[in-house]
Amino acid sequence: MSAGLLILIKFTLLSGIVLMYVALGGCFSEHSGVINIALEGVMVIGGLFGILTVCCIPKNLPSFLIVTISILVAMISGMIYSSLLAFASINLKADQTIGGTALNILATAIALVVVKHYNSTITTNNAQSPKLNYDNSLFIFNVGPFTLNVFIILGIVLLVLSYFVLYKTRFGLHLRACGEHPQAADSVGINVYKMRWAGVLISGALAGIGGMAYIVPSVQEWNFEVGVGGMGFLALAVMIFGKWNPGYIFLGSLFFAVFKSLANIYDSTFLASFHLTKEIYNMMPFIASLVVLMFTSKNSKAPKAEGIPYDKGMR
Amino acid sequence: MADYVIEMLGISKYFPGIKANDNITLQLKRGEIHALLGENGAGKSTLMSILFGLYQPDEGVIKKDGKVVKINNPNDANDLRIGMVHQHFKLVECYSVLDNIILGVEPNVAGILQKQEARSKIMELSEKYGLQIDPDAIVENITVGMQQRVEILKMLYRDNDVLIFDEPTAVLTPQEITELMSIMKKLATEGKSILFISHKLAEIMTVADRCSVLRKGKYIGTVDIKDTTAEGLSTMMVGRKVNLKLEKKEATPGEVILDVNNLTVASNSSKKDAVKNVSFNVKRGEIVCIAGIEGNGQAELIQAITGLSKQKKGKLTLCDKDISHESIRYRSEHGMSHIPEDRHKHGLVLDYNLAQNIVLQRYREPEFSKFGFIKFDAVKKYAEKLIQKFDVRCGQGAETIVRSMSGGNQQKAIIAREIDKNPELLITVQPTRGLDVGAIEYIHKAILEQRDSGKAILLVSLELDEVMNLSDRILVMYEGELVGEFKSSEVDTETLGLYMTGAKRDNITKEATK
């Protein structure tokens, strides 16, 4: 039982921190007024280029540098990919949901092309494999009975930082004003377009790390055909459940992560006595999000102007 | 030479197809309250947008303190200490009052907010000018009056000395208007210069020192308020003599058309009942007005009578038929017309064209449809007839998308639709809200004509002038109850005010049911 509990905690932390990164990302984007439904796609891109960096970087570099550089690459590739969304929805005033959906579809495709091409350059057999193999040992360390990874530490730091930035700084006050009432922000001299770009880019960076944090710590091989398995969408649910507030988002991520982790312990604990298949448990977080959102979305605290392209001329 | 703080000289602004401002000159003296008067579409807002940097003039110059300045955006205006309270407030609703005031000019150290500093400055200003606020309240929870004080404090916090008020009284209750007037006077005595955009003559006469008048984009003239009268101003504004006082015959009430008996309605916003046990009737050939301060249950009362919401208990009778539980369509087809308060929400489908809006309730009648298909020719013809008859001005005739029409013409379209249905009972809520003198005169006349042709009219209005002018019988509503009933010829506004604020009340519920 206690071994089961330990495993539950381990997996809850693993996926909880991923959900938190991505939901925080969504939170920045939506507070600026842009619905970032492309989080799923951004995670794929961030994970892809982060892992490629781990694969390609010279192995004789200090491990600290390898970790830092690959995470930075994940962040930057996430930012670049989400800048497509920013350009479409802020400058071209395109529909944000449609733009985001397109980016989600595109991301998995890009990942497959890149991975297959990469595999064909390093080996002649199995050239069409959609899988990447990598070494994740640098990202993991043990504290007592717990296996932790760098993403957990970094995540906690970014959580606190996010709260501070959103609610205690001038930047945060401006950002949230753009998502609530862009006309008001504009009338006091805040550049709405700039703030929205900032929001989307920050969300890209966080979701990029999120993608890497999802893939790297738990396995040494990843099949990019599955993308990130709906974690980006789950993170959107966490963000809504978390009322667009970093503190609640943290709690929400843990809540959903528990459901996600049930699939990892179903055969080793008391859950085994229910004789349910693994698929049922795999569905749990999504069913939970459906139920939870049904009850909570009514009193949602969504930024009022999110999803509406800002047009200076409209007053 | 007079000491002008702002001079706008020879300003012209062209938009595709129209000259919004044509060679306009406006000179604002230091420490005065200067009213800018004009009908809707006369170019007031354009002119102020130019002064505030939202538009660039095509011709003309702006001088601040005698020096020519260029105002490219609101930031430039702010640097020149020009501030503006917009007609629709620019407040972030989920922010605190304090955050809204400092937004954009936050005191900070390395980007980190220093709110304590801001708080003391705000409280100081609040005390100095008598602008009572609660800095920690969230904007969406405070009254419209306080929101306006927040907007004023926003300007003062930025040390603005030219304050523009764009139709500031449109959203206020009579009490809040009085308060705003005294705040404006206080600001002026403290040396601020105020531009006050309005088309309400009474307010201009009370508060302004001088008044500039625009008509159809042209500058008509500037007058000293002490040398003029409301009639004089309205003639300047409209270009012809306007009857501010309606000429009307004594009403000759006939049989009861609408009978409301012990009606109780739940509130839209709180748990309490908004309408409590209200009884009254409206007779053929009279205008009955429900007067009261906004939010005392008038909205809920009308929603229950028109069928937009269900009453908790009570009986409604229209022309001797019990309609208490009938649908909106039934009521509409059996003699009830409704000119709603919010013409955008309940009166029109803004993205439909004018013809479709005009047959919104009648499209099923054989005249307009056959086997479920709409006869578009008949609809169009009918719409064109009403456009003619009611003088609705619209760019592309029956095909005009209603959203693109001016407020006054949207209202005319609704009135055309509702009156031409030939109802027994015409319910009209705030029929002239936000409209200019010309349109108000037209609408008042139309309502009066309906009365004289033997309709029963139920009017809800927050404007005491309108109440006194138009109605035959006045019922005052306070906290969901009818607290007074008067003949309009036998009561004055002061008395009505006492009843409206709850300072006085009679027990009239029994009597009205008779």
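Every residue, even glycine, has its Cβ placed from backbone N, Cα and C.
Quick look at what TrEMBL annotates:
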type	residues	note
TRANSMEM	A:6-27	transmembrane segment
TRANSMEM	A:34-52	transmembrane segment
TRANSMEM	A:64-88	transmembrane segment
TRANSMEM	A:100-118	transmembrane segment
TRANSMEM	A:138-166	transmembrane segment
TRANSMEM	A:197-216	transmembrane segment
TRANSMEM	A:222-241	transmembrane segment
TRANSMEM	A:248-268	transmembrane segment
TRANSMEM	A:280-296	transmembrane segment
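Below 8 angstroms of C-beta separation, residues 6, 9-10, 13-14, 17-18, 20-21, 24, 27-28, 31, 54, 63, 66-67, 71, 172, 175-176, 206, 209, 212-213, 216-217, 246-247, 250 of the same chain, each at least six residues beyond the ends of the transmembrane segment (A:138-166), sit close to that stretch. Only residues 6 or more beyond the boundaries of the transmembrane segment (A:64-88), in the same chain, are considered here, and those with a CB under 8 A from a CB of the stretch are 29, 34, 36, 38, 41-43, 45-54, 57, 94, 96, 99-100, 103, 107, 138-139, 150, 154, 196-197, 200-201, 203-209, 211-212.
Of the ranges A:34-52, A:100-118, A:222-241, A:248-268, A:280-296, the one with the most Cβ pairs under 8 Å to the transmembrane segment (A:197-216) is A:34-52. For the transmembrane segment (A:6-27), the residues of the chain that approach it from at least six positions outside its boundaries are 36, 39, 42-43, 145-149, 151-152, 155, 158-159, 162, 166, 202-207, 209-211, 213-214, 217-218, 231-232, 234-236, 238-239, 242, 244-246, 249-250, 252-254, 256-258, 260-262, 264-265, 268-269, judged by C-beta separation under 8 angstroms. Long-range neighbours of the transmembrane segment (A:248-268) within the same chain, counting only residues 6 or more positions beyond its ends whose Cβ lies under 8 Å from a Cβ of the stretch, are 3-4, 7-8, 11-20, 23-24, 27, 159, 234-235, 237-239, 241-242, 276, 278, 281-282, 284-285, 288-289.
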